[in-house]
Amino acid sequence: MKGSKLPIACDADNRLEVVLPDNVHPTSISRTVRLGTERLRRLYPIVILAIVLLLVIPAALEPFRLGLVGKYLCFAFCAVGLVLAWGYGGILSLGQGIFFGLGSYIMAMYMKLEATSADPAAAVFGAGGPPVPDFMTWNSVDTLPWWWAPFEHVWFALPAIVLLPSAAAFALAYAIFRKRIGGIYFSIVTMALASIFVLVIIGQQGYTGGTNGITNLPTFLGYSVQSDQAVYTLYYVSAGLLILTILAGTFVLKSRLGKVLIAIRDQEDRVRFSGYDPAMFKAVIFAIAAAFSAVGGALFTLQLGFASPSISGIAPSIEMVIYTAVGGRLSLIGSVYGALLIGGAKSLFSEQFTNGWMYFMGALFIVIPMFLRTGLAGLVSLVSHKKVRAS
Amino acid sequence: MSVDMLLSQIFNGLSLFTILALMAIGLAIVFGLMGVINMAHGELMAMGAYMTYLTSVIFSRWLPGVMGASFLVGIVVAFLTTAAFGLLLETVMIRHLYKRPLDTLLATWGVSLILQQVFRQVFGPINVSVPTASWLQGAWSPMPGLDLPLARVFIIALTLAVALGVYLFLFKSRWGLRIRSVMQNRAMAGAAGINTARVDAVTFAVGCGLAGVAGSALTMIASTGPATGQQYIVDAFIVVVFGGVESLIGTFVSAFMIGQMQSLFEMPFSGSMAKAAILLLVIVALYFRPSGLFSIKVRR
Amino acid sequence: MSQRMILGVEDLSVSFDGFKAIDALNFYVEEKEIHVVIGPNGAGKTTLLDMICGKTKPSAGSIRFKGLNLERMLEYQITRAGVGRKFQNPTVYEDLTVAENLEISYPHKRNPLGCLFFRRDAVVLEEMRRIADLVFLTDEMNRKAGQLSHGQKQWLEIGMLLMQDPQLLLLDEPVAGMSARERERTGELLKRIAEGRSMVIIEHDMEFVKSVAHKVTVLHQGKKLAEGSMDRVQNDPRVIEVYLGS
């Protein structure tokens with residue numbers, strides 16, 4: 001449109017729009033067609049992702065492999081959240097594992113209580129009160145702690161998966177950002193918190209299952225989560241929820257909220273003089289990222305049948321960052337491919353050349369930040385731009 | 001609780017303090033002065049520990065006669081190796097990322113992963129330990145009922161000596177003057193004829209070398225494994241931030257406090273809960289004093 | 001404080017490391033007044049604006065604006081109350097387009113939820129177009145702000161202020177780095193947008209000051225040296241001494 005004499009403006013979706021002179025009727029056909037194809041073009045990446053996730057992968061893989069991909073998808077939730085928080089909000093969280101872990105543990109608590117109440121042997125212990133999970137009795141915790149009790153209800157546990165981690169994330173982030181502590185300090189604080197989270201879980205074995213985590217979780221709402229049937233169902237649920245998450249993230253980024261975030265990332269001090277409270281916005285985006293991670297964590301427990309501190313610590317939290325970095329820190333969809341590729345590579349390496357894995361990961365951590373900051377998404381857009389220019 | 005027990009706990013805290021302080025001083029130079037987040041600092045410490053181990057192995061095989069000197073030589077070897085590695089790291093990587101602290105963090109994490117795997121393949125997955133030199137065996141009893149292992153007394157002295165050395169280097173030497181001038185005003189220092197790129201490289205190398213010395217000291221109180229660095233990195237960062245990133249004294253005092261707290265908290269709590277409690281305490285303290293314990297108010 | 005007063009700064013002081021940047025200053029702005037602050041470097045002009053808009057907290061004194069005590073408020077609250085600030089170096093959101101820069105400045109529900117469901121409706125679009133036209137940027141709406149020339153960035157920042165619809169504008173050297181032609185256009189622009197608003201402007205260009213100022217205050221070492229019309233200030237012997245003598 002550049003070079004045209006017609007004034008150009010933006011419409012609500014941030015698309016180019018020709019402001020037509022008064023005497024031209026705005027329902028000019030060519031304009032409608034152009035905007036129509038434009039809108040369709042924008043949908044391509046998400047449609048392709050949906051086809052890959054919902055049709056190609058389930059058709060191509062046997063249940064065992066599909067289960068693995070389902071696991072990678074759980075981490076993709078964290079990666080999508082990090083695009084919002086890090087790519088657009090400039091907040092590099094090295095503690096997404098905390099929220100992943102919270103979601104995972106909340107789901108595990110519900111499933112553990114379900115399994116315990118279904119197990120006649122367990123009822124022997126909680127004399128008089130509700131039945132007590134096996135690992136508690138092993139650690140001589142004889143009554144169910146009060147804060148465990150509400151999680152026996154699915155109507156409490158499911159909302160809690162989203163609400164508890166995001167509320168915790170919001171409170172923490174708002175308190176810190178209000179003090180104008182940010183950047184690298186926030187990263188170090190989240191890293192320390194991830195460390196604390198794991199230490200507490202390990203230290204409070206009687207209530208959390210300690211290093212082993214919470215295991216033996218065979219059912220959810222009475223359905224087995226271990227059958228081949230369940231692998232497919234849970235895979236589709238994960239993929240479906242992930243696509244919904246991406247759509248929600250897209251909605252956030254396309255809205256004025258997304259633009260304020262970019263403004264905060266680039267000129268935080270100036271944003272205050274546009275009348276915004278940056279701490280509030282950063283805390284909100286951090287809470288949204290935490291909620292995404294928590295959903296991933298809950299799905300992880302459903303698919304893998306356990307919750308454990310091993311997926312919450314510093315190393316897994318930083319690994320989530322590299323998923324996002326590989327896929328492209330500014331691309332919601334790219335980050336999903338990042339999580340899938342690295343997850344796939346990890347499985348490949350662990351089966352074929354165990355020693356190579358750490359070198360491969362290490363190299364990724366070095367190469368992407370140094371030479372490919374926009375990740376795969378940046379590479380793709382570079383290639384497609386060149387094509388456009390060539391044609 | 002008896003006085004003896006308390007004293008020995010305090011002494012245990014001092015041992016931890018030496019490791020934290022040596023690590024954190026190196027980190028404070030790299031992070032506080034240069035603003036570089038080096039996530040591989042823990043692995044550099046492990047590298048120093050492995051170098052000390054290697055030195056002792058070489059001595060016991062070929063120079064058993066002067067085995068007593070092996071630890072002292074080990075410290076020097078550890079410092080030189082890690083400093084040389086730091087120089088390399090600065091030249092090929094850090095230098096290109098100075099304006100992007102978050103990217104530096106990720107890239108150095110990559111280095112730490114690679115180093116861990118190298119350690120695992122070269123030295124094996126099982127922890128190795130360095131035999132204590134004969135002149136460091138035994139204990140010093142300043143009062144009846146209190147036995148202080150000589151090896152630990154030695155590393156406390158080593159820590160104090162290193163701290164003094166760093167102080168003299170930074171504040172009394174010509175190199176220190178160059179470093180401080182570059183950190184305060186890069187453009188001015190460059191205009192005054194200082195080779196700022198070289199100063200950066202040397203500063204980073206010295207910081208890394210100190211991690212190596214920390215590794216040597218560590219061999220006196222614990223064994224070394226591929227994951228050793230990971231165990232200390234968060235604590236070291238917390239020590240630096242808690243002390244106020246630009247203050248060496250602050251780093252020293254904060255290492256002392258955290259070491260003591262860890263040791264004292266371990267009495268009522270389990271080890272992991274003690275560590276969690278300390279990290280939490282430090283985060284809360286930082287919340288109320290964001291620029292650390294020993295920061296000076298400056299005009300912003 | 002008279003009825004027509006919009007801003008009243010009284011006994012305002014601030015010091016940095018013992019250096020008094022502003023020393024017991026009294027300073028008033030009337031409604032619809034273009035009030036220019038001049039003074040040599042280090043006189044405390046920018047510091048004064050910083051304190052009015054909340055960037056720097058005063059160590060003593062009060063800043064009253066429409067019955068509010070600005071010295072107790074945060075930057076974004078002061079902005080929402082109707083004070084707009086333009087910085088010395090133009091600060092616009094370089095990764096956003098001109099249109100998006102203006103959109104962000106539109107004063108509507110500046111909380112996360114409000115932003116999430118904000119739509120660019122006809123009213124907003126109309127306002128964006130009107131302001132873009134006013135600051136000579138109609139043809140640049142879809143360009144990234146980072147690609148604009150220095151003068152255009154200055155205009156965009158003024159446009160962003162206008163979107164905020166403040167009653168008091170604080171402008172720090174609005175014509176710095178502009179060509180003669182751009183200065184002239186900016187002078188006209190400021191006069192046009194001054195209708196219904198008050199302004200405090202810091203400027204060194206005396207021709208420009210002469211052409212826009214209703215009232216001039218001369219600061220020197222954190223204190224008020226002289227105040228009044230441009231003519232009166234120019235002929236004040238103390239002012240002449242500070243600028244030319246010593």
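Just so it is clear, glycine is given a Cβ too, placed from its N, Cα and C backbone atoms.
Unlike curated records, TrEMBL annotations are generated automatically.
Annotation source TrEMBL lists transmembrane segment at A:43-61 (among others).
As annotated by TrEMBL, transmembrane segment applies to A:73-102 (among others).
Nonlocal intrachain contacts for the transmembrane segment (A:154-177), taken as residues 6+ away from its ends with a CB within less than 8 angstroms of a stretch CB, comprise 91, 98-99, 102-103, 106-107, 109-110, 186, 189, 193, 221, 278-280, 282-284, 286-291, 293-295, 297-298. Marked as transmembrane segment by TrEMBL: A:154-177 (among others).
Long-range contacts of the transmembrane segment (A:184-202) within the same chain: residues 91-95, 97-98, 101, 105, 172-173, 176-177, 208-211, 213, 309, 312-314, 317-318, each at least 6 residues beyond the stretch ends and with a Cβ under 8 Å from a Cβ of the stretch. TrEMBL lists A:184-202 (among others) with the feature transmembrane segment.
Annotation source TrEMBL lists transmembrane segment at A:233-253 (among others).
The transmembrane segment annotation in TrEMBL covers A:279-300 (among others).
Taken from TrEMBL, the feature transmembrane segment covers A:320-345 (among others).
Residues 319, 322, 324-331, 333-334, 337-338, 341-342, 345-346, 349-350 of the same chain lie 6+ residues outside the transmembrane segment (A:357-383) yet bring a C-beta within less than 8 angstroms of a C-beta in it. Per TrEMBL, transmembrane segment is recorded for A:357-383 (among others).
Same-chain neighbours of the transmembrane segment (A:320-345): 45-46, 49, 68-69, 71-73, 75-76, 78-80, 82-84, 86-88, 92-94, 96-97, 100, 242, 246, 249-250, 253, 293, 360-361, 364-365, 368-369, 373-378, 380, counting only residues six or more beyond its ends whose CB sits under 8 Å from a CB of the stretch. The transmembrane segment (A:279-300) and the transmembrane segment (A:73-102) are in contact, since at least 3 Cβ pairs between them lie under 8 Å (pairs 6 or more apart in sequence). If one looks beyond the transmembrane segment (A:43-61) by at least 6 residues along the same chain, the residues whose Cβ comes under 8 Å of a Cβ in the stretch are 69, 73, 232, 235-236, 239-240, 242-243, 246-247, 250, 333, 336-337. Remote same-chain residues near the transmembrane segment (A:233-253) are listed as 46, 49-50, 53-54, 57-58, 66-67, 69-70, 73-74, 76-77, 80, 83-84, 88, 225, 261, 285, 288, 292, 295, 299, 302-303, 332-333, 336 (criterion: CB distance under 8 Å, separation of at least six residues from the stretch ends).
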